[in-house]
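Structure first, then comments.
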Amino acid sequence: MTEDPGHVPGTASSRPGGGAFPPVPALHATGLRRSFGGTVAVDGVDLLVPAGSFFGVVGPNGAGKSTSLLMAVGLLRPDAGTARIFGVDVWADPVRAKRMVGVLPDGLALPERLTGRELLHYLGRLDGLDGASAARRADDLLRLFGLDGTGRTAVGEYSTGMRKKIGLATALLNAPRLLVLDEPFEAVDPVSGAVIRGLLERFVADGGSVVLSSHSMSLVEELCDRVAVIVAGRTAREGTLDEVRRGESLHDAFAGLLGASTANVEMPAWLRR
Amino acid sequence: MAAPLIAMRWRLLGRSLRGARAAWVAALSLAGLGCAAVAAVLAADASHSGRTGLAVAFAVWGAGWLVVPLVGIGGRDALKPEHFARHGLTHRRLSAGLLGASMVGAGFAVTVLFFGTLAVAAAPLGPAALAVAVAAAVLTAVVALLGSKIVAATLAETMHTRTGAVLASLPWAVVAAAASNGAVLLVAVGRSGFLGGRWPAWLDGGVRSVPSGWGVGAVEAAGRGDVLGALAWVLALAGLGLALFSGWARFTRRRSSGPVGRTRHARALPVPAWADSLAGGALVKESRAWARDPLRLYHWFFALWFALVYCAIPVLAGTTAYLPWAGVVFGILAAAGAANLYGIDGTALWLTLMRPGRERADVRARQAAWLLTTAPVAIALTGAGLALDGPSVMAAWVVPVLVVVLGAGAGLVVAISVRAPVAVPDAHRRTTPAEDAGNTVGLVWAVIGLLAAAVAPSLALTAAGVLGWPPGAGAGLVCAAVTAVAAWWGPGRLAARRLERRGPELLDRLAGRAPSRTAARTAAPDPRSDTARVALGLSLGAGWTPIAMGVLSLVTVADGSPSSTAWTLPARLPARWAVLCALCLIAVGVFVYARAGRLVWSRIRSRPDR
């Protein structure tokens with residue numbers, strides 16, 4: 001599994017083994033479980049992401065989406081369960097597994113004293129690219145996300161949306177086969193959001209696989225072909241978009257799974273006009 | 001406005017004052033009450049020198065309030081102006097409310113009592129003087145509180161810059177160095193005749209002219225029957241309080257009306273050609289973090305100021321013997337300050353974890369960057385110190401120690417920080433380094449103690465050389481070089497292996513995630529809790545002190561040279577007692593190390609991940 005440093009990220013030929021992917025799932029997590037202190041955050045999450053699919057993970061706040069994704073990519077050790085990326089166990093063979101995935105975690109820091117270009121350059125070097133390739137990819141990605149004008153600004157000074165974009169750029173840097181993105185559109189401006197959407201759609205069209213978590217049901221409905229709904233630390237429903245929404249909108253199906261309804265919200269008297 | 005803020009502060013205090021923190025606050029409060037009792041005794045002395053003594057005590061107490069924000073005591077549970085940015089409050093009302101809330105707590109109560117000892121001085125002078133004293137005491141306490149708040153606010157704004165970090169490290173380093181070399185400082189003070197009542201002439205006026213002494217001035221005026229004079233002092237205090245309040249309210253307005261403007265630019269440095277390798281790239285990345293991160297700069301400059309002041313203080317007592325050690329002290333403190341090297345970068349560790357196989361390069365780059373930022377200065381300080389001290393045998397002692405400190409320091413900064421990191425806020429969420437650095441006391445002392453242990457074999461050989469075994473000096477140097485290389489390489493390898501095997505757990509700690517229930521069942525009782533870590537660190541860090549005192553005293557006795565520093569204090573006793581005392585000190589040190597070692601071993605044995 002070697003890198004070809006000369007290609008622009010996102011294209012099929014730049015990916016290791018690009019073109020004909022083996023018939024193994026891009027991501028297969030089974031029975032993931034994790035507690036923090038006495039609180040069980042994830043209690044049996046299964047995710048099956050076929051290669052080439054655009055997979056959405058939805059769920060209410062605190063349901064365990066981010067925790068599950070962190071376990072799936074090898075950043076949080078599960079109490080139980082397994083995670084495989086293209087058939088490679090993330091915990092048994094992290095070197096091979098992590099080379100195939102690009103990750104955008106939610107809420108984790110970046111080296112804040114580096115500029116965006118420096119950050120991408122050094123991470124590219126750590127990914128095994130030579131200096132010229134790392135520099136070229138850094139420039140490509142900065143331009144792609146509209147960050148090429150931020151030359152002297154340290155990452156610590158970026159706005160929330162800019163941090164999201166540079167994080168996404170780090171995820172794409174090693175031209176992965178699978179992208180696992182936690183809330184990639186949060187705080188991103190509409191123009192950049194459209195760029196990211198276009199990029200992800202192209203990525204999947206070229207044979208890549210994407211897993212993204214989001215609170216935006218309409219976005220997930222538009223982009224994803226498969227969806228998992230996580231509720232209270234468990235996979236409540238998983239399948240194709242149609243299988244999950246069962247003739248309703250995804251929003252209604254989601255609310256139904258939660259046993260919640262927004263139709264008759266009881267407004268406190270003091271709030272009424 | 002103040003009532004809800006005071007209620008919030010009260011509730012926050014109730015939540016935070018538990019366990020070790022509650023004991024710590026109680027101990028500090030008791031110590032404060034003891035100081036207040038001493039101040040009351042001073043206040044009962046109606047003589048001019050008695051009043052001067054009281055004013056000196058007030059000045060020291062007031063200065064303490066200004067230093068408190070620099071060392072980060074308290075404030076962690078404080079209400080911040082930005083918490084209330086969305087409420088339609090004028091900044092003056094918000095400031096008044098926050099000030100009222102700040103008065104809730106043991107610190108302010110003890111301070112009011114402390115300055116309240118003015119009442120003891122004023123009571124014999126009649127009710128008018130007593131009223132003046134009470135008003136002055138309360139106002140002085142409020143002025144001290146406001147002064148402290150302005151220092152904290154200034155620090156919070158300037159600390160985001162590198163210059164701010166450098167300047168903020170200075171006063172704390174001076175205080176710490178003076179406290180660490182207290183014995184020598186006392187010798188200097190004793191020689192000056194200060195304690196015998198021979199105070200310099202400027203002191204009388206000096207302590208009365210600073211705001212902490214205005215209350216004393218008011219009581220003295222009242223004692224003379226000068227009502228207008230007494231009122232003038234009190235009004236001056238009230239005016240200063242208002243001015244400080246107004247100044248602090250400006251800070252509040254800035255902080256409650258959005259993020260404080262602090263656009264900073266990194267220097268757009270090109271990536272150097274020699275960095276076009278895996279190791280080179282990682283080294284440049286790490287070096288730039290040292291040059292740009294105010295928190296790292298704060299620790300580095302703290303080490304520098306500390307070393308300079310610590311080694312310069314003995315000059316006041318007439319000895320230059322400490323000067324050659326400035327480089328060594330700097331090296332030790334720089335290593336101690338970097339004991340949380342991985343913790344400082346926070347959850348950015350995830351980027352390394354997503355690139356398995358690169359851990360070793362990352363660790364070695366961090367070691368090399370620490371050496372590059374520390375070694376040149378340490379060597380220069382040592383050279384300058386040796387030159388200023390003049391020709392002596394000191395170089396034979398200093399050089400091997402410096403070599404070991406630099407080598408082992410580079411090893412320990414990665415090994416300790418990977419083993420027991422302390423989570424700190426991400427760079428863009430930091431306020432002041434003192435608040436943000438976390439409780440690293442245990443780590444700092446562990447590094448100091450382990451460095452002392454690493455130095456011991458080389459020092460023993462050097463001592464043998466000084467005592468008449470000619471090959472000793474050369475063997476000491478060779479031993480130092482071997483120790484330095486081994487203590488750089490070995491801990492670095494251990495750190496890389498730890499990262500490879502337990503990287504996600506390290507990330508858990510940095511992200512502040514609680515360990516899982518499964519891990520809690522199988523793991524030993526958390527060996528890295530604050531209390532355990534501090535106890536272990538103190539044992540490891542302090543054990544060498546009596547050993548060093550004992551060994552140096554034995555060398556001094558055998559050598560027949562007079563004791564000139566606090567390290568050889570037992571050598572001042574008659575020879576037989578000096579040897580006995582030195583041996584006892586060594587035994588105490590060995591006992592402390594043995595206990596620490598036993599604790600470490602029991603932790604290692606009971607951990608499932610060893």
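Any Cβ shown, glycine's included, is placed from N, Cα and C.
What TrEMBL says about a protein is an automatic prediction, not a curated fact.
Annotation comment: TrEMBL describes B:53-75 (among others) as transmembrane segment.
Annotation source TrEMBL lists transmembrane segment at B:96-122 (among others). For the transmembrane segment (B:96-122), the residues of the chain that approach it from at least six positions outside its boundaries are 1-2, 4-6, 8-10, 13, 25, 28-29, 32-33, 35-36, 39-40, 42-44, 46, 51, 54, 58, 61, 65, 68, 74, 78-79, 81, 89, 129-130, 132-134, 136-138, 140-142, 144-146, 149, 215-216, 219, 222-223, 245, 248, 252, judged by C-beta separation under 8 angstroms.
Marked as transmembrane segment by TrEMBL: B:128-152 (among others).
Among the features that TrEMBL reports, transmembrane segment is placed at B:164-189 (among others).
Sequence annotations record features per position, and here TrEMBL assigns transmembrane segment to B:230-249 (among others). Residues 91-92, 95-96, 99, 128-129, 132, 135-136, 139-140, 142-143, 146-147, 149-150, 153, 211, 214-215, 217-219, 221-222 of the same chain sit 6 or more residues outside the transmembrane segment (B:230-249) yet have a Cβ under 8 Å from a Cβ within it.
Here TrEMBL flags B:297-316 (among others) as transmembrane segment.
Positions annotated as transmembrane segment by TrEMBL: B:322-344 (among others).
Distant neighbours of the transmembrane segment (B:368-388): 283, 286-287, 289-290, 300, 304, 307-308, 311, 320, 323-328, 330-331, 334-335, 338, 341, 394-395, 398-399, 402, 405-406, 409-410, 413; these residues of the same chain sit at least 6 beyond its ends, with a Cβ under 8 Å from one of its Cβ atoms. Among the features that TrEMBL reports, transmembrane segment is placed at B:368-388 (among others).
Taken from TrEMBL, the feature transmembrane segment covers B:394-422 (among others). The list of residues near the transmembrane segment (B:394-422) in space but at least 6 beyond its ends in sequence, with Cβ under 8 angstroms from a Cβ of it, reads 321, 324-325, 327-328, 331-332, 334-335, 338-343, 363, 366-368, 370-371, 374-375, 378-379, 382, 385-386, 437-440, 442-443, 446-447, 450-451, 454-455, 458-459, 462, 465-466, 473, 476-477, 479-481, 483-492, 494-495, 498-499, 506, 509-510, 528, 533.
Annotated transmembrane segment per TrEMBL: B:443-467 (among others), in sequence order. Distant neighbours of the transmembrane segment (B:443-467): 332, 335-337, 339-340, 393, 396-397, 400-401, 403-405, 408-409, 412-413, 416-417, 420, 422, 473-477, 479-480, 483, 487, 533-534, 536-544, 547-548, 551, 555, 558-559, 593, 596; these residues of the same chain sit at least 6 beyond its ends, with a Cβ under 8 Å from one of its Cβ atoms.
What TrEMBL records for B:473-492 (among others) is transmembrane segment. If one looks beyond the transmembrane segment (B:473-492) by at least 6 residues along the same chain, the residues whose Cβ comes under 8 Å of a Cβ in the stretch are 363-364, 367, 396, 399-401, 403-404, 406-408, 410-412, 414-415, 454-455, 457-459, 461-462, 464-466.
What TrEMBL records for B:534-557 (among others) is transmembrane segment.
Counting only same-chain residues 6+ beyond the ends of the transmembrane segment (B:534-557), those with a CB under 8 A from a CB of the stretch are 439, 441-450, 452-453, 456, 459-460, 463, 466-467, 527, 563, 567-571, 575, 578-579, 581-586, 588-590, 592-593, 595-596, 599-600.
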